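S.K.: I'd like to ask you about the structure that follows.
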Ligand SMILES: Nc1nc(=O)c2c([nH]1)NC[C@@H]1CN(c3ccc(C(=O)N[C@@H](CCC(=O)O)C(=O)O)cc3)CN21
Ligand SMILES: O=c1ccn([C@H]2C[C@H](O)[C@@H](COP(=O)(O)O)O2)c(=O)[nH]1
């Protein structure tokens, strides 16, 4: 079984067994019919994925690698906040009449800041430091910008990446690790979607900075299973997982801004049946 399946099954069992229910609490999200969307939640879940061993994609059901990569590139590379620049429709409910999700995600990544070396946005700052100052402990992004929260249609969930480079004994190349900080996680709809996105990002940054991939540590403050997802989760984690597929990233690309979703592929991706029409809490 793949390591990602193992971690996912353990996390779901932990939430279902040891989590607390939000039923009766004053909750913001609701189902499209207006009913409050309650959850079973666990505070402070930490999952570690060793990207040098396996690509952390679920085999229990298919995760849409190309759509997930496209959304990550929408934020980190195209730095857009408009759904017209995104191939999937996962953000449609949060966009205004012009397609904007407000000053969230890609908008924040595109904001230039003054540094000693000049004006840069957060993505270029990360790439600059990984290339020029890889052992710095200050390589991180943060898109949870309080002054702009009132202009975001949904507050950022996966809001910060901290990059950390290690020099392993006997290896010429440096190793790139990262921590993804997430304040809120819809386990069925988006846990593996988010893990895959940031695993792809670490692979891409490592390649353009001539490094090996190391660990991705996913820190989740509120890991929850929505009430209408509980049965689907129970069925999903009772399935028999498959071995992890092999991840391929186009080795020709050496500039982060040249990657497209066609530059990522999986070999031997065997999965369980897809769960169709997962309801999404709004
Ligand atoms: N309640 C909630 N859960 C979320 O996961 C979520 C939000 N809201 N709000 C904004 C974004 C949108 N995200 C989403 C929404 C839907 C899917 C989803 O339905 N994924 C499909 C595949 C979609 C495709 O193939 O393009 C899936 O089967 O997982 C994924 C991420 C994550 N976010
Ligand atoms: O990348 C994402 C974006 C959103 N989510 C989920 C997490 C929550 O279920 C909702 C957001 O609701 P809040 O009340 O703002 O926490 O969206 C996700 O898992 N991953």
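Heads up, the Cβ atoms here are built off N, Cα and C, so glycines get one too.
Okay, these came from TrEMBL:
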type	residues	note
ACT_SITE	157	active site, nucleophile
BINDING	137, 138, 183, 184, 185, 186, 194, 224, 225, 226	dUMP binding site
BINDING	186, 281	(6R)-5,10-methylene-5,6,7,8-tetrahydrofolate binding site
DOMAIN	7-276	domain 'Thymidylate synthase/dCMP hydroxymethylase'
S.K.: Tell me the Cα distance separating residue 281 ((6R)-5,10-methylene-5,6,7,8-tetrahydrofolate binding site) from residue 225 (dUMP binding site), rounded to the nearest angstrom.
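M.R.: So the Cα of residue 281 ((6R)-5,10-methylene-5,6,7,8-tetrahydrofolate binding site) lies 11 Å away from that of residue 225 (dUMP binding site).
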S.K.: Please report how many Å separate the Cα atom of residue 186 ((6R)-5,10-methylene-5,6,7,8-tetrahydrofolate binding site) from that of residue 137 (dUMP binding site), as a whole number.
M.R.: 30
S.K.: Counting every protein chain present, what is the number of Cβ atoms, excluding its own, within 10 Å of the Cβ of residue 186 ((6R)-5,10-methylene-5,6,7,8-tetrahydrofolate binding site)?
M.R.: 22
S.K.: Using a 10 Å cut-off on Cβ-Cβ distances across all protein chains shown, tell me which of the binding-site residues (137, 183) has the largest neighbour count.
M.R.: 183
S.K.: Give the subset of the recorded positions 157, 183, 185, 186, 194 lying near ligand 2, defined as CB under 6 A from any of its atoms.
M.R.: 157, 185, 186, 194
S.K.: Roughly how many Å separate the Cα of residue 194 (dUMP binding site) from that of the residue listed as 'active site, nucleophile', to the nearest whole number?
M.R.: 10
S.K.: Taking all residues of the domain 'Thymidylate synthase/dCMP hydroxymethylase' (7-276) together, what is their mean pLDDT?
M.R.: 98
S.K.: Run through the Cβ atoms and count how many others sit within 10 Å of the one on the residue listed as 'active site, nucleophile'.
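M.R.: Neighbour count, Cβ to Cβ under the 10 Å cut-off: 19.
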S.K.: Near the Cβ of residue 194 (dUMP binding site), how many other Cβ atoms are there if near means within 10 Å?
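M.R.: Neighbour count, Cβ to Cβ under the 10 Å cut-off: 22.
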S.K.: So how many other Cβ atoms are close to residue 225 (dUMP binding site), meaning within 10 Å of its Cβ?
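M.R.: Result for residue 225 (dUMP binding site): 24 other Cβ atoms within 10 Å.
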S.K.: My understanding is the cutoff is Cβ-Cβ under 8 Å with a sequence separation of 6 or more in the same chain; which residues meet that for residue 281 ((6R)-5,10-methylene-5,6,7,8-tetrahydrofolate binding site)?
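M.R.: In sequence order, 29, 30, 31, 37, 186, 226, 228 meet the Cβ cut-off.
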S.K.: List, in residue order, those binding-site residues out of 185, 194, 225, 281 with a Cβ under 6 Å from any atom belonging to ligand 1.
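M.R.: Near the molecule: 281.
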S.K.: Reduced to three states, what secondary structure does DSSP give residue 186 ((6R)-5,10-methylene-5,6,7,8-tetrahydrofolate binding site)?
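M.R.: Note: residue 186 ((6R)-5,10-methylene-5,6,7,8-tetrahydrofolate binding site) is in a strand by DSSP.
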